[in-house]
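The structure follows.
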Amino acid sequence: MAVASSSDVVILSLGVVLAAAYLFRDSLFTSSKPKAVPIAPSKATNGHGNPRDFIAKMKDGKKRLVIFYGSQTGTAEEYAIRLAKEAKSKFGLTSLVCDPEEYDFENLDQLPEDCAVFFVVATYGEGEPTDNAVTLMQNLSEESFEFTNGEHKLEGLKYVVFSLGNRTYEHYNAIGRQVDEELTKMGAVRIGERGEGDDDKSMEEDYLEWKDGMWDAFAVAMGVEEGQGGDTPDFAVSEVDASAPEKVYQGELSARALTKTKGIHDAKNPYASPVKAARELFQVGGERNCVHMELDIEGSGITYQHGDHVGVWPLNPDVEVDRLLCILGLTEKKDTVINVESLDPALAKVPFPVPTTYNAVLRHYIDISAAAGRQILGSLSRFAPTPEAEAFMKKMNSDKEQYAAVIGTGCYKLGEILQLAAGNDISAPPTPENTTVWTIPFDVIISAIPRLQPRFYSISSSPKLNPTSIHVTAVVLKYESVANEYTNTRWVYGVGTNFLLNVKQAAQGEEIPLLSSPGAANGDAASVSLPRYAIQGPRGAHKFEGGYKVPVHVRRSTFRLPTNPKSPVIMIGPGTGVAPFRGFVQERVALARRTLEKNGPDALADWGQIYLYYGCRKSTEDFLYKDEWPQYEQELKGKFTMRNAFSREVFRPDGSKIYVQDLIMEDRDKIADAILNGKGYIYICGDAKSMSKSVEEGLAKILGEAKGGSAEVEGAAEIKLLKERSRMMLDVWS
């Protein structure tokens, strides 16, 4: 091997040094001043360019209030916007109304001293925060979460809480109370009393009773005086050229629906699902209806699990649309194209896509079918066509008892109230000739009436048996109002279920029947028609050769069967409360088929027993899916047992009615064994006000006695433990 000379080594070393000097020239020969590099925003240095920094947005917009809403169905958001509007009109203060999911809370401690934060939060499920408030609640409650002060403290932070709940649920307004408790622990200072709205009675009245005292305390705490604001509009409505009709929203719920482009289907882009099948589940020709509908989701990208909910997007009935068009003097202009612009986007976002038409707004986008609240009547009184109409509106607005006696008992919608105030006959089909015109600007209508929201139903199928369709089971809401000095008893119709009934009737080629007026004697001529809907959809998009389509999206749920089929399952679901349990049983049937095919006829021997407790009026009248249950029993090889309470068919010896809670008490030994020894699961679905409470009380008694104690102590403790471990789950409504 050759040996390098000393001169070669020197030359080689010099070359290495020169090469290194070239490669690292920036470090060796530039100034010692450090080079500037971008620094990521830290907790303390959130820049104004950070879209999740609400403090920066407040400063940029010179806003002294930030209002966070925790909303599952849109109601809390509506109240948040109302509070923002009132702060502006009373005190001239502008607000930032925020979805907490879109912001970070590390700098909540940086809220300036002359500012305040509002929390308008609903309680969902079993005392849980709404989906968009989960992170907010974690940040407030976890001691490990630090604000920019390096601590879990909010000393001196001024805040207001209005919580939304339902007293029939066990965890009434739990989230609002928790927000209040956590903020107080961190040193924050509440302004006024905590507001609690009860949806079981009247959320609106609870809000109205709370807000005046809160605003008085707010004025003192914030050093402001009422009267500094003004009555400024939220929106500017302008009639525009219709030269590009294909760009005008005629009721489409999203841009993708308008342009017919593909995309993910969710609450912001519902899927127009073809109706595969629809039929009546109650006795044909009876006075009540229950619709079974199968919605085709093949090719939509939508998936679901048993226990999930489907959101159905209805529209307003023709009569209410026509009524408001007549009242507003827009009948001849209903198809005029309009644009709507928010005059304060941080306070009031345009609640529907634009450009659109007057007709589309009233039919598809705002909830004109809801009972009118008391507050709105006062704000509309200044547009009254006569002094008498103005006096009527002011009376209903200011007199809580009179409002309850007339509007509450009569279940009047806004259009009907305006007609009553003007002395019109609300029983007659509205026309321009029989309806007095009110000069209400359309921007006021948009501000006053909330967005039309989807109606949610428990899915009554399993994707294991029905992978390309979602089944809906819906009792049609129709009830009688109470007569008062202005109208006799009349029919009141729910929007969502009557919309589905309309679709079912059209799909089946049925005529919409006429009804006798409530209280009419037998034999009287039928005089009232069920409400009709424009079910063909915008531009006829929901009508196709094979039938009709219904806009839907899926909302996830935690209402699920245990994964292990060896666990016993107890399901209590009278009426349409049985809907998710049909899906549960189908889920187990699908698993049983696979298990039997793989492991033979004895494969289900170690499965836990599945008990279903169902109730209805009569086995011949409203027994839902009566023909299906025996088939499921057969396929599950004796592992499925169903007990039925027919409250108007089978009675106790003393003549009293039998309900599902009575059947549970009869089976107390089986139930106690399944829960305490078999580690079983309990599911309750249906009415929260009476059924759910009675069932829980019965279960507490059964479990308490089985443990050698009482319902009030041992039973209540066991129920609490079951809920904490997700072995007792509820899907109830009031």
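Glycine too: its Cβ is placed from the backbone N, Cα and C atoms.
Bear in mind that TrEMBL entries carry predicted annotations, made automatically and left uncurated.
TrEMBL lists 65-215 with the feature domain 'Flavodoxin-like'. Summarising the annotation, TrEMBL assigns FMN binding site to 71-76, 122-125, 164-173, ASP199. TrEMBL lists 268-545 with the feature domain 'FAD-binding FR-type'. The NADP(+) binding site annotation in TrEMBL covers ARG288, THR576, SER647, ARG648, LYS657, ILE658, TYR659, VAL660, GLN661. Sequence annotations record features per position, and here TrEMBL assigns FAD binding site to ARG455, PHE456, TYR457, SER458, THR473, ALA474, VAL475, TYR479, GLY494, VAL495, GLY496, THR497, TRP733.
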Between SER647 (NADP(+) binding site) and VAL475 (FAD binding site), find the distance joining the two CA atoms and give it rounded to the nearest Å.
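Rounded to a whole number, the Cα-Cα distance is 17 Å.
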Out of GLY74, ALA122, TYR172, THR473, GLY494, point to the one nearest LYS657 (NADP(+) binding site) in space (Cα versus Cα); all of them are binding-site residues in the record.
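Result: the closest of the binding-site residues to LYS657 (NADP(+) binding site) is THR473.
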Quick one, of the binding-site residues ALA122, VAL475, which Cβ has the fewest other Cβ within 10 Å?
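VAL475, out of the binding-site residues ALA122, VAL475, has the fewest neighbouring Cβ atoms within 10 Å.
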Quick check for the class: what is the C-alpha distance, in angstrom and rounded, between GLY125 (FMN binding site) and ARG288 (NADP(+) binding site)?
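Each residue's Cα considered, GLY125 (FMN binding site) and ARG288 (NADP(+) binding site) end up 29 Å apart.
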Taking the Cβ of ASN166 (FMN binding site) as the centre, how many other Cβ atoms fall within a 10 Å radius?
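A 10 Å sphere around the Cβ of ASN166 (FMN binding site) contains 21 other Cβ atoms.
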Do you know offhand how many angstrom separate GLY494 (FAD binding site) and ARG288 (NADP(+) binding site) by C-alpha?
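Distance between the two Cα atoms comes out at 13 Å.
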Check the Cα-Cα distances from THR473 (FAD binding site) to the binding-site residues SER71, GLY74, ASN166, ARG288 and tell me which is shortest.
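For THR473 (FAD binding site), the spatially nearest of the binding-site residues is ARG288.
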Note down the number of other Cβ atoms within 10 Å of the Cβ of TYR169 (FMN binding site), including every protein chain shown.
24
Can you check which residues sit near GLY496 (FAD binding site), meaning Cβ under 8 Å from its Cβ, same chain, 6 or more apart in sequence, and list them in order?
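Same-chain residues close to GLY496 (FAD binding site) (Cβ under 8 Å, separated by 6 or more) are VAL312, PRO314, ARG455, ALA474, LEU477.
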Express the predicted model's confidence over the domain 'FAD-binding FR-type' (268-545) as a mean pLDDT, rounded to an integer.
92
Give me the Cα-Cα distance between TYR172 (FMN binding site) and TYR659 (NADP(+) binding site), rounded to a whole Å.
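TYR659 (NADP(+) binding site) has its Cα 26 Å from the Cα of TYR172 (FMN binding site).
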By a 10 A CB contact count over all chains shown, which of the binding-site residues listed here is most packed: TYR172, TYR457, TYR659, TRP733?
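Neighbour-count leader: TYR457.
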Roughly how many Å lie between the Cα atoms of ASN166 (FMN binding site) and ARG288 (NADP(+) binding site), rounded to a whole value?
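It is 27 Å, counting Cα to Cα.
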